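Structure first, then comments.
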Amino acid sequence: MQALWPLLLSALPALLGASSLFVEKESNGSRICKPAPQWEIDGKTPMKELLGNVVVVALLKASUHFCLTQAARLGDLRDKLANGGLTNISFMVVNEQDSQSRAMYWELKRRTAQDIPVYQQSPLQNDVWEILEGDKDDFLVYDRCGYLTFHIVLPFSFLHYPYIEAAIRATYHKNMCNCSLNANFSISESSDSTKNDPAGENNQRPNSTEPVTAAHHHHHQQHEPHHHHHNPYPNSHKKSGDSDVTGKPKEPPHHSHQEHVHNHR
């Protein structure tokens, strides 16, 4: 498999760009290599705080059984990349805003590796999923400057497929959006300049506020065995309900039992 990575990395951008299933809504035009939108949860701005890192944002729904499986696999993917020498890659999960998903937040948190933050939206804030123009099981990958490199949707976002890992590796190894961290722009400056620069001439700025989008095709997929890798984070699979998020519900005295997880829409 290692010998196939260079070929897969070189082919992935063309493959994704050629398929509206992967990346874009045709009506909105291409938003790849455009700045990420600014969003916050209880005053925190995760994308701004993580400038300089490759960032992977997973939109997962706590009330969806298969989403819980996806969450459980994130730690293994992160560890696999770290074991391969890929550092400064930050993962995060944003739970859905509806009441059922908020009620099951702690189960999503429990399934996710301890040091991967799980953000819970409050019912009155602007919906982060809408800001990102994303949907359940979408993965958005941003480069070190905060530019979108991939917005991968179902069925390609299933973590037992190679597409998410390949997109992260391509973003890590290739300067796909002419990212330069030498420029000194604030989030608001980057947003204003981008709006006045539809041709993308100034896309080397590190900060951003424009949304990105994807088409969404929903399929059912059977849960597959979970493969384990050596973990450089000794406590990464010990789940904690006391960190990483704001605006979250009170932790219940007992966790709900762990279901056998299947994908559904």
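Heads up, the Cβ atoms here are built off N, Cα and C, so glycines get one too.
As recorded in Swiss-Prot:
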- N28: N-linked glycosylation site (CARBOHYD)
- N88: N-linked glycosylation site (CARBOHYD)
- N178: N-linked glycosylation site (CARBOHYD)
- N184: N-linked glycosylation site (CARBOHYD)
- 188-265: region 'Disordered' (REGION)
- 201-211: compositional bias 'Polar residues' (COMPBIAS)
- N207: N-linked glycosylation site (CARBOHYD)
- 239-265: compositional bias 'Basic and acidic residues' (COMPBIAS)
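Across the structure, N178 (N-linked glycosylation site) and N88 (N-linked glycosylation site) place their CA atoms 18 angstrom apart. Within the same chain, residues at least 6 positions away in sequence whose Cβ sits under 8 Å from that of N88 (N-linked glycosylation site) are G52, N53, V54, R144. If you draw a 10 Å sphere around the CB of N178 (N-linked glycosylation site), it holds 12 other CB atoms from the protein chains shown.
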